[in-house]
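> The region 'Disordered' feature in Swiss-Prot is assigned to 1-144, 677-707. Marked as compositional bias 'Basic residues' by Swiss-Prot: 18-29, 122-136. Look at Swiss-Prot and you will find 30-39, 48-68 tagged as compositional bias 'Polar residues'. Marked as repeat 'WD 1' by Swiss-Prot: 201-242. The repeat 'WD 2' annotation in Swiss-Prot covers 246-294. Residues annotated as repeat 'WD 3' in Swiss-Prot: 310-354. According to Swiss-Prot, the feature repeat 'WD 4' maps to 396-442. The repeat 'WD 5' feature in Swiss-Prot is assigned to 446-486. Here Swiss-Prot flags 691-703 as compositional bias 'Basic and acidic residues'.
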Amino acid sequence: MDALVNSFEDLNTSHTTSRYRAKRHHARTKSSPGSIKRNQSIRRHSRTLSTHYDSSNPYQDASTSYAQLSMGRRTEGSSTKPRPKSYVEPSHTQTQAHYATDSHHPSHSRSHSQTGHGPRATFRHHHHRSKSHTNPRSRFELRPQSHHETYTYLPDDPSPQFDEPNFSWMEEAENQLSELQSKYKPEPMAASTSLSWQIPDESHHLTSVAVHESSPLIAVGSGGKENNLFVYETTQDKGLIHHQTISLPAIHGLKWLSPSQQVADLGNILATSHSNGLAHLVLLPDCYSSDPAEILKRFNHKHHVSIKDTLSTRIKHLELTTPAWRSSVSSSLATLYSQHLFLWDPSRGDTPVLTRKVKRAEAFSLSPFQDGQVAAACGKYTSLLDLRAKSGSVNLLAGNTNLCAYSPMNSNLLATAHSDVSGLQENCVRIWDSRHTAGPLHKLEGHTDQIRSLEWSKFNPCELHTSSNDGSLRLWNIGRQQETKARPSLEVYSGDLAAQWDEQKASAQWLPRSARQMQQRGLAFNVAPLNIQKKEKKEKKPALYSSSVIAKTPHAAVASASFMPTGSMHPSVVTVDSYGSLGIHSMPSATPYNTEPETPRTLTARMSVQSFASTDMSSDFTEADMSSASDTSPMTSPSMASAATFQSSYDSPVKACIPEARPATYETSVSSSFIPPLQIKKRVPSGPRPEGSHVRRPSRESRNMLPELDLDFDFGLTA
């Protein structure tokens, strides 16, 4: 009996122990992260079943009970919703399409089985034809969806905030206009006409726009996966004709090949850059044919950059070389991929001609006039490179540089855009002279947000277009700030005077013989060369933008057009914005208020030369040479004087008078009066004669006594 009781107690103890262990195991599994996720998935699956099944279904109770029992709940009183009739069970194809496309856009939720197109790659290794949709019957002229005119004063109104429709800034600008009347000369308002069309892009991600050089063709690129290249043609009555829609990988850069280039003989060729490290040369068929587009050449950047050096596979910037680049083949393609600069030859294989790593490079620009010269925006500075040299660069120090562009009509002007996303620093544009890198020529301020695009005008060398995230498109006029100057040029130079002297002697070759010799001898004595202004010169006034277009959305890309709309005498600017709209803007080029307009008039060319005493001057200059100045060509320099007295250091000075020169046959535009000829007293130079020189250098005391030649005037030729 005792043995039976002991066995029963042992059994009860083991049962209690097993129950205690089961509770501990249940507590551990219930509080673990994996169990919580499983419970959540069971609850979610339970709700899905209870929603999609009808309560009248006899198998409803069983299915619901199974789901709720797995969750540990009762089945009584469970409320269910009727199953929708249009419900479709999710298939494997839909799941792939959902994860392969962008889920934010409703058009991407459709599967390939519903649209009738299976998942396939647009490009294959042995398939060099892109898919284009061209239906001659569906080609029709598109009318603009909006047409408005923007009237702005100079300086322009402050940029508004577009968080909510608030136009109080217009009233404030009108109140400020009265204060500006005393400072700036008022001019009539400038009207900017804008037309816009909605591009049928499903992704709503327009990235680039390009305008043909000789024909009214516009190419618009999108970052979508299909149907992302649109080709349009502008008509005379401000209409737009849609010709083709082509499927390429996500496009981030477009450039039309110039008709003057060798490859362009095949037809309309478009250079494209994509987000997968590829660049193409695409041959577009005739606009009124149904032939597909053809890829002439493909450039793969991934094969030439190691994986560890690859920061981004997106190619945003590409450019084509000009005929001035004699070191490369005509129509060579330059691209920027993951801080590496590539130069491709379309006639060669898949190997680039040149590869150069540029640290922190975000954008670049090729010089259209100088062979091998490249400017790269590298964040904290702008780097000037010569691709013909193995290494070496010149840096222009200016922070937050994200864009740069060489002027297509001036070989020395370079524009850089500086933007700060954090808003701690200003957003501005700086104009540089590539020959003088000490500091910028001008600083253009006015944008309140990041600058997205930078484009020089194709008609005026002094006009610059910029667009920003603040919703403004601005036209800057720096004509009075960077005008044509008299030769020798009037620049502030702080470098080596000896090198500057050699440069002046070379620039003096265009003068007549006697005047050229006078200038070269004057340079030997003058402490400040002739083309250096006095330090106490007047401070340059800031350049103002002449017109602007205020939009509700930021412009993603800007391109200067080579055509003018009907009824407008101003060039056009083509833009694409973030909402999928294409805009054509006619922006007038007004004269800034802070300068006086130039009045062309015919002037008499006179000579004004500063003379210096020299022992060898009597032997070099004769009366015949001096009188020859009166018989020179009409291109006598207006900066030279009509009469000068040359005095030697001998007791019997030789005097000669040059008669007045003939009137010039060309017209000049002068904004300030000429200074009269300088009357310089007799000076005797002292000191040792330098080797290799035919004149004596004056002493330091006499050198300081020499006055500086003040040539502070504006001179330019007009047609």
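The backbone N, Cα and C atoms fix where each Cβ goes, glycine too.
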> Report the mean pLDDT of the predicted model across the repeat 'WD 1' (201-242), rounded to a whole number.
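Reported value for the repeat 'WD 1' (201-242) is a mean pLDDT of 86.
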> With DSSP helix as H/G/I and strand as E/B, how many residues of the repeat 'WD 2' (246-294) fall in helix, strand and coil?
4 helix, 23 strand, 22 coil
> In the repeat 'WD 4' (396-442), how many residues does DSSP put in helix, strand and coil?
0 helix, 25 strand, 22 coil
